[in-house]
Structure formats: structure tokens, C-alpha cells
């Protein structure tokens, strides 16, 4: 691979250029307008995708990893917040004093706000910063929102006995993380090869689970401090995570779709080539660029996208927007944040003296389960993952809630809890998290990232993701009140939501495994019934076997197989 650009400075010029590897003599303007390649260039044959060995796969994942690390930011907040609400010094700084007990405590309102203010910021940030992706490029936009995230962290660290200052910092902190929640999956979906797109977008969720796990570990390590280091150290570590993303953006290729929209065709070819480690003049690269260019030109003929365009029935953007909103809404209504936000509190209620340790166990299950999802999501399909996830989580939640209601307190709420029932609840919580982490957690982001045409993508993704954060706020804020009133009956509410999720996916969500982003648009436009969509073949490939069959031929085990010689 040729050397990278020598300048380490982060600015709009070097972040908006992905021509860091090779100088390319671009085709003439007529060739660009008519297509990037023709039969004479490729001898009348459709170019094949580059063959990858283990090293080829490794390079792709390493190049995409800094983008996916944006998922670490909201995960880290979930992990540390779950510990903060049970820390003595944190309650002393931001809670109220109870004279009858001589202890500090967090009221339900303040606890709910502490957990939920981050989600408010994320919801606003996702919509507010999405436009930067179209004006400044995906990479520079990510750097900007990460800087906003750092400002929020500074405000939180400097808070001292002023809970309102801490909450303002939490909102600004969320603005940056919310921007990442839209921009990072967007960039991942646009630079990922079609056959690896699901796994690469899943890396965002993998890093979110990694953030939750390390967040749990950090508060476990600082819980015995008696001063403000108890909570300031975990917040201060945010600067390290932000720095990783900012430096990583110097290495990641820019979105070829964004570059082609800006008429920077040769840079788009270099961006595509960088991912698969081939020449920018390779016929496969030119074919990919041609397909993207055709899609961009088709969208351009329809005129500049407006917010009104999101409600278009003719192009079925409205249908896809509703799908994106509901999938992101259902992601929260699985009940996963019931465990992640209030994990330490829940497990203290079932008789465990150290809920921090149990939270680390749950974080470990969550992280390693998501690794499985990254490896298999492009082999199984989106619909199957979501349907299996909804059914299996429903079974686990029914058992969890039933044990909590019927068996946990055999002598009433004021009596001692049953250790056996508490242990059983922890086991089924682990099963639940496994089912969630391997299905809905990564696939919900994949569905949203690949559903929308590039013309309205930033707007549609920002609205869809905003609903994720809105529901996370509602669940985070109201859970203390609801559990205080109905206790473990709360689980049955999520069971009802899981039933609705299963039915919606079966009847309304099409399968997009093995399709390029441009082919996904054709799938929606042709109006294929979702339960028949797995066998749909795009016009350019009709006469061949179904894409689902072809995808399955490439077993994920190939990724782990060491060839005799690396690419």
C-alpha cells in the first residue's frame, strides 16, 4: 500500500480527501458522465470482486474500526451511569440529604434525569449534526461532533455540588454522542463492501457493548474512593476515547458516495480501492463507482432533497422512514436499557450485596455475544435475526418477570428475598442479553443504515435515530417510578412490545442481505412482499441463483481461514 499523506493536521482539506494512497489519472468528463467503465475496458466480462485472504479481511476491519468506535461513547455513558447512581460521593454531590437516616440519596426525579439527560442530548444531536455529513463530509463531521462531546465532559467534571450544571454537561455530552450515532453507521455502510456491510456496521454495536463493559469495570475500580475521584475519573477517561476517534479519522477513507456527489470521482475510486487494497483503475472499482454514480445521477434528477421529500409515497421513502423509526423505537422497547441503566439497582433488589460485580458479568456476556453477531449477521439475514431475537427475548422476559413477581419475595415485599429465585433471574437476564446482543442490538443499526437513498439519507437516519434516543429518555426517566409502583410486573410491558416487534418484522420488513445500497433502493421501489424478499434478485443479476444462497456459500468460517499466502 502506498504511503499515507504526510500531514497530520486535521482540517477540511485532508479529511475531505480520500486520495491519500495513490495518484490516479481520472477518466475524462465524458467518460464519467457516461459511466466509469465499458465492455472494452473489461473485455466484455462483468468484473469479479477482489479475492480476499485473512489479511484482506483484517485490513478492511482495521480501516473501519475507528469509525465504529463512535459506538463506544454511548456505551461508556451507560456503563458509568449505572454505577454512579449507587456511589456515595456522587449522591453526596448531586443528591439530597435525608435527616431521618443521615444519608444522601437521589430522588426518583433526579435519578431519572441523571440517566435520561444524555438521551435528550443524543436525540437533538442526531438531528442537528446530520446535515454536516452532506456539507463537510462524513469524516470531518464526525470530528466536530466528537469535539462537542469533549466540551460536555469538561462541564461534567467541573461540576461541584451543582446538579443542574452536571445535567447541562450531560446534555452537551449527549449532543456529540448522538451525532456519532447517525454519522458513524452512515459512513460504515457507505465504505463497506456489500458482502461485509452487515458485519462492519455491527462493529458500531460491538463497540457500544465494549463501552458498557469497560464502563462497568471503571466504576467497579473507583467505587471505593471516598472523594470525587470516584466519579470524575470515569468521566475524565472520555477524552481518551474521543482522541482515538479523532486520530482514526485521518486513516479512514471518505465515503465514495459523498465524493461522487461532490464530483470528486477520482478520489471516490481511490476510496473504494483502499478498502479492498486494489488499484483505483481495477475494473471492479470502476464498476462500483459506476453504480454509485448512476444512483447519484438518478437522485439528482429528482431535485434537491427537502424535509418534505421524507414523506414521499411515490418513492416509498415514507414507508422506509416509518420502518426506520419503528425499528429504532423497538430497539429500546426490548427492555435492554432496563438492565443496563439500572443493573446494579436491580441486582441489589434480588439480594446481591455487590451489584457492581454482577453488572460486569452482564457486560461481559453482552460484549462477547455481539462478537458472534458481527461474524454471522451477513450469513443469516436481517429478518431471521430480528424474528429470532424478538421470540427468544420474549421467552426470557416472561420467565424473568414471572420469577420476580411470584417467587422472589415468598413472604411479601417487606420480607427477605429468595436467593434461588434471585440467581435464576440473573441466569435468564444473561440469556436475554445474549439474545439481544446477537440480534436486535446490531441489526437495528444495519437496517436503518442501508434503507434510505443517499439523497435523503442523513435526514432520514437522523430522525430514525432520534426516536431511539427519545424512547431511551422515556424509559430511563420513568423506570424508577414504574418499578416503584409495579415492581417486576414491568417486565410484562416489554413482553407485549416484543410480540408487536415480531409481527411488524414479519409483515413489513424486507430482507436486504447481499444487496448493494443501490440494489436495496430497487427492492423497495418494486414493492416486493417482505416475506418473499429473501428470494428477490436485482435486475442486474436476474437469471442467477438467489443472493441469499450465494451469501450462504461464503461461510463466515472463510474469514477465519488462513490461506497459504496472504493477499
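Positions of Cβ are set from backbone N, Cα and C atoms, glycine also.
With respect to the membrane, residue 52 and residue 411 are annotated on opposite faces, judging by the topological domain names in Swiss-Prot. Swiss-Prot tags one of the stretches 14-34, 35-55, 77-97, 140-160 as transmembrane segment, and that stretch is 140-160. Per Swiss-Prot, the listed range annotated as transmembrane segment is 488-508 (candidates: 488-508, 509-529, 530-550).
When each of 171-191, 198-218, 466-486 is scored by its Cβ pairs under 8 Å to the transmembrane segment (113-133), the top-ranked stretch turns out to be 171-191. Contact check: the transmembrane segment (198-218) against the transmembrane segment (140-160) gives fewer than three Cβ pairs closer than 8 Å, residues 6 or more apart, which falls short of the contact criterion. Counting only same-chain residues 6+ beyond the ends of the transmembrane segment (171-191), those with a CB under 8 A from a CB of the stretch are 63-64, 67-68, 70-71, 73-74, 77, 117-126, 128-130, 132-133, 138-139, 141-142, 144-153, 155-156, 197, 200-201, 203-204, 238, 245, 252-258, 271, 275, 445-446, 448-450, 457-458, 461-462, 465-466, 468-469, 517.
Using the rule of three or more Cβ pairs under 8 Å, pairs at least 6 apart in sequence, the transmembrane segment (56-76) is not in contact with the transmembrane segment (466-486).
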